[in-house]
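Quick look at what TrEMBL lists:
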COMPBIAS  24-39  compositional bias 'Basic and acidic residues'
COMPBIAS  54-65  compositional bias 'Basic and acidic residues'
COMPBIAS  75-88  compositional bias 'Basic and acidic residues'
DOMAIN    120-188  domain 'MYST-type HAT'
REGION    22-89  region 'Disordered'
Amino acid sequence: MAHDTHFTIEACPKYHNLTPSQCKEMHERHKKREDERRRALTHLKSSSSTAEQRAYRDRIKENRLTMKSPRPVSPKREPGEEGPKRQADFSGIPLYDVRLFQEAQALVADKLEAELKTLPNTRGTKYLQMGKYEMEVWYQSPYPDDYARLPKLYLCEFCLKYMKTKTILFRHANKCVWKHPPGEEVYR
C-alpha cells in the first residue's frame, strides 16, 4: 500500500529514504510473510511441530544466514538531507535486522494512520487524552509545532508531560515518579 497521505512522519516514505516502488515491494513482501506466519500458526496448536512448521523454521534460519553480512556503507547524503527530517543511516547493520526493523516500523505506522484517520481532519489539536480520559479541546494551547499539528495529544495525568502517541504515554506512565496529581494539599 502506497501512502498517498499520512498524518505522521513515521508513515512518510521520504523520511525512511524510500521510493514509492520500494514501499509497494516492501508491502507485498510483508503480506506474503504474514500469510506464511498465519499458516504456520494454524498448525502450531499440535504438540509437536509439523513438516510445514519445520520448513518455515528452516526458511527463517536460512534467511538469517543469507542476510547475516552487514549492509555496505552507503554514500554520504547531501548536507540538507540529514537531521530529524530523515531516518538514520543503517550502514553496517545486517540486512535481516534492518528488514525486521522496517517491518515493525511499517506496522506501527499503519496502526497510527488508522487511529488518526478516525479523528477529524482539522488543523491543530482536536482531542486530548489524559490518562484514561479523552477530551475535546476548546482552544489551542502554545505547544511546540511538532505537537500542535497533531490531531490528538496525550498528557500524563500526574506530571502533565505531553507526548505524541499512546505508546509513549504508556511507557512514560510506567516510569513516571509522580503517583498523584501535582499540588501539596490535594489529599488533606
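Any Cβ shown, glycine's included, is placed from N, Cα and C.
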- Sequence-distant contacts of the compositional bias 'Basic and acidic residues' (54-65), meaning Cβ under 8 Å and at least 6 residues beyond its ends, amount to 36, 39-40, 96
- Query: Across the domain 'MYST-type HAT' (120-188), what is the average pLDDT of the model, as a whole number?
  - Reply: 80
